[in-house]
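Heads up: the structure comes next, in structure tokens.
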């Protein structure tokens, strides 16, 4: 797994509401979260597909 995928989800201090995806190392899945727009980390992807590709998630049912 890419090291960025092990980072915790960070919403950040700003108040924007961007739908993003992050890799949840507990569930071993990419999950949606709302990103505030600043102060995040590299575990922050624009699409579910990008998150799964970078973090090596095997999608169920595909």
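Numbers run from 1 along the shown chain.
Including glycine, each Cβ sits where the backbone N, Cα and C put it.
Annotated in Swiss-Prot:
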DOMAIN    5-55  domain 'BPTI/Kunitz inhibitor'
DISULFID  5-55  disulfide bond
DISULFID  14-38  disulfide bond
DISULFID  30-51  disulfide bond
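Feature map: annotations from Swiss-Prot on the structure.
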residue : record         : Cβ neighbours (10 Å)
5       : disulfide bond : 20
14      : disulfide bond : 13
30      : disulfide bond : 23
38      : disulfide bond : 10
51      : disulfide bond : 23
55      : disulfide bond : 22
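When the CA atoms are compared, the disulfide-bonded residues lying within 10 A of residue 30 (disulfide bond) are 5, 55, out of the candidates 5, 14, 38, 55. The average pLDDT the prediction assigns to the domain 'BPTI/Kunitz inhibitor' (5-55) is 98. In three-state terms derived from DSSP, residue 30 (disulfide bond) belongs to an extended strand segment. A separation of roughly 22 Å, to the nearest angstrom, links the Cα atoms of residue 5 (disulfide bond) and residue 14 (disulfide bond). In the three-state DSSP assignment, the secondary structure recorded for residue 14 (disulfide bond) is coil. Taking only the Cα positions, the spacing between residue 55 (disulfide bond) and residue 38 (disulfide bond) is 22 angstrom.
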